[in-house]
Ligand SMILES: Nc1ncnc2c1ncn2[C@@H]1O[C@H](COP(=O)(O)OP(=O)(O)O)[C@@H](O)[C@H]1O
Ligand SMILES: [Mg+2]
């Protein structure tokens with residue numbers, strides 16, 4: 001976490017990114033510096049902290065070369081709130097200026113979820129204790145009322161050495177202790193009990209569209225308020241103890257956390273650690289007046305003008321409070337095939353001082369992407385089939401051929417970068433995925449060879465029309 005005493009060094013951040021992303025060293029170095037700088041800022045004197053602005057990054061590279069992936073992984077390394085928007089979405093019909101702020105609201109929402117989750121983890125053992133009590137009460141309700149012989153009575157007669165229970169109360173207590181142990185050991189997990197669960201939704205209070213003059217923040221604030229005014233409905237459900245534990249744990253943990261504190265902390269996290277990824281920034285880049293044509297360009301520049309205050313730093317109101325965007329890290333990305341970064345309005349250009357170009361991926365990169373990342377496609381498919389006890393493996397030569405095919409289809413049909421690997425792989429493995437487990441049973445071993453790759457994909461690569469649709 002960014003506010004802890006130590007944090008990954010730039011080199012360590014790059015090493016983390018290397019586990020998932022092949023190549024793109026330049027981009028990795030820049031984002032690593034940006035991330036470390038955020039930690040450095042939080043450990044600088046307070047008056048300086050206010051002055052240090054993040055060096056926002058502009059990633060330039062065609063589709064499917066890892067731009068989004070790098071930003072996403074960066075956020076997860078920092079355990080930082082992250083949100084992604086497409087700038088082009090704001091040029092769509094029906095767009096009104098304020099909507100641009102919704103990206104900041106999304107970030108806060110994300111941050112609230114993260115902080116809530118963390119707090120729930122912290123109170124988990126206390127919540128588990130409460131849940132155990134509830135389950136126990138449902139199984140063996142405690143004895144109450146005076147006729148049962150309360151604890152007072154048992155003092156007089158009770159404790160004789162034989163340990164024979166003297167009262168209903170005592171008997172009840174002993175049974176409860178026995179069952180408590182059984183609940184804890186999971187012995188009774190399959191037994192059904194009745195529990196009361198909170199009704200989560202509040203039908204009838206949804207306000208689609210909403211009254212005119214209300215922005216999104218006040219609208220959802222209003223909804224929350226109405227929701228909290230309604231009496232909380234509970235509903236009885238019959239569930240197994242195992243299920244009850246899951247359902248109740250969340251409810252009990254929620255009761256134990258202080259939502260006001262969560263909101264404050266979430267805003268603070270979003271302000272200081274939040275990352276907003278603005279994709280397709282090049283789609284709003286062409287400047288009005290340049291290259292003729294009024295209409296769409298005006299709205300594009302309009303979007304840039306709307307983005308500007310947010311990127312420059314402004315206060316945005318959300319239903320969790322007001323957030324200042326001064327220190328949020330913005331990473332913008334685009335292919336910039338037609339428009340150039342210099343086509344952005346100057347003010348916005350100035351707010352993205354770091355430009356990194358991502359390289360087009362080579363055949364060899366494709367081969368490594370298939371094989372090396374922690375989440376590599378080959379590893380994903382191996383894991384999928386392993387669940388059916390089928391062992392899948394790939395010959396190196398087969399992967400090389402796959403990489404070559406993907407590269408070739410990209411060159412001939414359309415360059416969609418590493419995304420092509422997904423289509424090629426699914427084409428290759430489709431039949432196998434269908435035949436397991438009906439025709440290919442457990443304990444089978446399937447080794448993908450070059451011959452298999454050739455057989456399943458060759459026809460399509462040589463036939464341009466076919467590959468257009470299928471690969
Ligand atoms: N350099 C890379 N290394 C590993 N995987 C990559 C790389 N580039 C792209 N991918 C994979 O391709 C897919 C698309 O990548 P993405 O980052 O979304 O592309 P874009 O540059 O268009 O944002 C993802 O599944 C990602 O894992
Ligand atoms: Mg992308």
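Glycine residues also receive a Cβ, built from the backbone N, Cα and C atoms like all the rest.
Site annotation (TrEMBL, ligand ATP) includes 64, 65, 66, 67, 68, 69, 279, 347, 419; from 13, 22, 241, the additional listed residue is 22. Look at residue 347 (ATP binding site): DSSP puts it in a helix. Under the three-state DSSP scheme, residue 67 (ATP binding site) falls in the helix class. When the binding-site residues 22, 65 are compared by the number of other C-beta atoms lying within 10 angstroms of their own C-beta, 22 comes out lowest. Most buried of the binding-site residues 67, 69, 347, judged by other Cβ atoms within 10 Å, is 67. Once the Cα atoms of 22, 64, 65, 66, 67, 68, 69, 279, 347, 419, the listed binders of ATP, are compared pairwise, the greatest separation found is 34 Å. For ligand 2, there are no nearby binding-site residues; that is, of 22, 65, 69, 347, none has a C-beta under 6 Å from one of its atoms.
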